[in-house]
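Okay, so here's the structure we're looking at.
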Amino acid sequence: MLLTIIENPAEVLSTSAKEVTKFDEKLATLLDHMYETMVESDGVGIAAPQVNEGIRAAVLELGEEREVLEVINPVITEYSVDTNVDLEGCLSFPGLFGEVERSNGVRVEAQDRDGNLFQIEAYDYDARVLQHEIDHLNGILFDSKLIRILTDEELEQLYAEEEE
């Protein structure tokens, strides 16, 4: 089932999400629906607040194989010192793309849909996606981190390059 993506401005997007304490069928169903919604929307990550659920859960696709990763109650426990600036967009900000500075690497501690703890290290683009989605869970929106917004001309050029 596709869920409605909440667009900015919305209080659920700018509020810190609540910790998940029940790892049940309701959570599993939500995660499945979030994944379907993310794929249908051409996203690489989606956080529960983006579908009007104020809980600390996100679904992402990482790596060249676009493997699905579900993170429940994620916490970034380590950031790399080195950073980079790259292009980001957000399903809750349709049409807005810009440059954001993020750490090149992160270590994240989280739980899976059954409540089991795990750690993951991510680098480069995967680290960027994780940081973006975890920001959502903390009520931090990517527009507050934008260094520069892409112009309409730059966006048109980007879309043209993707079609080639």
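Every residue, even glycine, has its Cβ placed from backbone N, Cα and C.
What TrEMBL says about this protein:
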BINDING   Cys90, His132, His136  Fe cation binding site
ACT_SITE  Glu133  active site
Between Cys90 (Fe cation binding site) and Glu133 (active site): CA-CA distance (Å): 10
Any further residue of that chain within 8 Å (Cβ to the Cβ centroid of Cys90, His132, His136) of the recorded Fe cation site: Gly45, Ala47, Gln50, Glu88, Leu91, Ser92, Glu133, Asp135, Leu141, Phe142
Same-chain residues at least 6 apart in sequence whose Cβ lies under 8 Å from Cys90 (Fe cation binding site): Leu96, His132, Leu141, Phe142, Asp143
Among His132, His136, the one of these binding-site residues whose Cβ has the fewest neighbouring Cβ atoms within 10 Å: His132
